[in-house]
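S.K.: What follows is a single structure, and I will ask about it in a moment.
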Amino acid sequence: GYAGVVRFRGVRIGGISGIFKSHDYRKGHFEYPPYNQQTIRSAYHVRNIEVFKLKQLKRPMDIFMSHDWPRSIYHYGNKKQLLRMKSFFRQEVESNTLGSPAASELLQHLKPTYWFSAHLHVKFAAFMQHEANSKEELPKATKFLALDKCLPHRDFLQIIDVEHDPNAGDSLEYDAEWIAVLKATNSLVNVTQSTWNMPEKNGLHAKWDYSVTEEAIKEVLEELNHDLKIPCNFTLTAACYDPSKPQKNMEPIHTINPQTTEFCAQFGLTDINDRIQQAKEESSGRGECEEEEEEEMDSTGSAEEPSEYNTDNSGLSSFNPDEIMLDEEGGDEDLSTCSVDPSPDHPPEFSTSFSDIRIMPDSMAVSSDDAMDSNNEELEKSGGSKQVEEKSSTERSLKRISGDENGNSGVKKIKRRNQAIYAAEDEDKTD
């Protein structure tokens with residue numbers, strides 16, 4: 001769930017969940033239902049242990065998926081077109097703070113053939129040529145693709161052919177190296193709010209390399225009798241919603257997932273949900289009451305220990321009007337200021353190729369002029385229809401800052417932006 005690697009028809013697919021926030025990055029996975037106003041957010045914040053585990057992988061990765069964009073990936077695509085469509089990204093692009101530094105770290109380590117992300121609600125393709133680690137190694141390249149929101153007239157779908165084994169079975173399979181890494185790093189599991197750093201070669205840790213040997217991978221294969229097929233053992237843990245029997249104000253409960261229990265038991269791993277449940281019972285038994293930290297804290301992390309990264313930017317621009325937000329994070333949005341659909345006279349040209357090849361150093365300074373440059377002239381032709389959207393985006397940004405007229409945040413609840421569009425009739429009928 002938090003991070004993982006599986007195989008499908010010979011294609012190795014990895015992923016990491018959540019968004020980056022520096023003040024939660026070095027904490028354990030301590031959240032559980034029912035959530036409060038802090039844990040409902042921190043539950044989906046990326047943790048350093050997941051990044052650490054993925055960085056132990058040595059075998060090639062075909063596809064990697066993340067919610068956040070890797071920081072700096074926008075330098076390897078058409079920045080001018082990106083900023084035309086999402087002008088409120090400009091400051092973060094120019095300061096190189098848009099996106100997740102943790103994901104960027106994984107991108108440089110894993111060098112997958114494809115990397116797919118979401119979160120910023122705009123289609124963007126990039127081609128990143130990696131530097132070879134040695135003269136004998138062939139340089140690798142990553143094709144990055146993010147897509148827009150699944151809404152009318154938005155570019156939310158693209159079909160990509162991926163090389164695979166046509167003779168392989170039609171089921172998901174475990175990845176033996178990933179299972180071996182989970183076993184090797186099992187002692188690092190943390191289910192507390194305490195911040196800590198992962199082992200590194202700095203003289204403070206007796207062991208810092210948790211990558212696995214071929215022998216360890218072979219042991220996993222022998223445990224599974226060389227049958228890597230993931231069992232279809234889904235079990236219902238909550239009743240399906242029945243509109244004829246509405247149950248209001250039901251408080252969610254912390255559930256131990258039987259699939260996770262079985263998985264952890266099979267490989268001798270710690271079930272994090274079970275460990276959290278134990279910690280909760282021990283805490284209530286002692287009558288302890290820990291004060292919860294506020295979500296919106298200084299970007300440098302907790303007061304006692306600064307983050308290893310210099311920002312808590314989650315990869316979402318502070319004023320992204322398309323993101324799904326909690327009400328307290330922004331005022332009500334007038335649907336009349338929704339994104340302007342592309343004009344029939346100026347249809348957007350979405351490139352399916354990754355031809356803009358750039359090799360850049362890890363530390364790069366980006367000027368305002370550089371952010372306007374682009375090697376892809378074809379995409380500039382579609383810029384005319386985006387001018388109104390820029391203006392609309394600015395108006396929505398101001399509206400999000402202002403809140404309501406009386407300055408009241410109102411009741412805190414989850415609200416999906418542009419909800420009226422989902423329920424509306426097909427807009428093509430009225431065009």
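Cβ from N, Cα, C; glycine included.
What TrEMBL records for this protein is below:
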{"type": "COMPBIAS", "residues": "278-288", "note": "compositional bias 'Basic and acidic residues'"}
{"type": "COMPBIAS", "residues": "289-298", "note": "compositional bias 'Acidic residues'"}
{"type": "COMPBIAS", "residues": "308-320", "note": "compositional bias 'Polar residues'"}
{"type": "COMPBIAS", "residues": "324-335", "note": "compositional bias 'Acidic residues'"}
{"type": "COMPBIAS", "residues": "378-403", "note": "compositional bias 'Basic and acidic residues'"}
{"type": "DOMAIN", "residues": "128-273", "note": "domain 'Lariat debranching enzyme C-terminal'"}
{"type": "REGION", "residues": "278-431", "note": "region 'Disordered'"}
S.K.: Would you list the DSSP helix, strand and coil counts for the residues of the compositional bias 'Basic and acidic residues' (278-288)?
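M.R.: The composition, in the requested order, is 9 helix, 0 strand, 2 coil.
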S.K.: Go ahead and report the DSSP secondary structure tallies for the domain 'Lariat debranching enzyme C-terminal' (128-273): helix first, then strand, then coil.
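M.R.: For that range the per-state counts are 34 helix, 12 strand, 100 coil.
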S.K.: I'm checking region-level scores; what's the whole-number mean pLDDT for the domain 'Lariat debranching enzyme C-terminal' (128-273)?
M.R.: 92
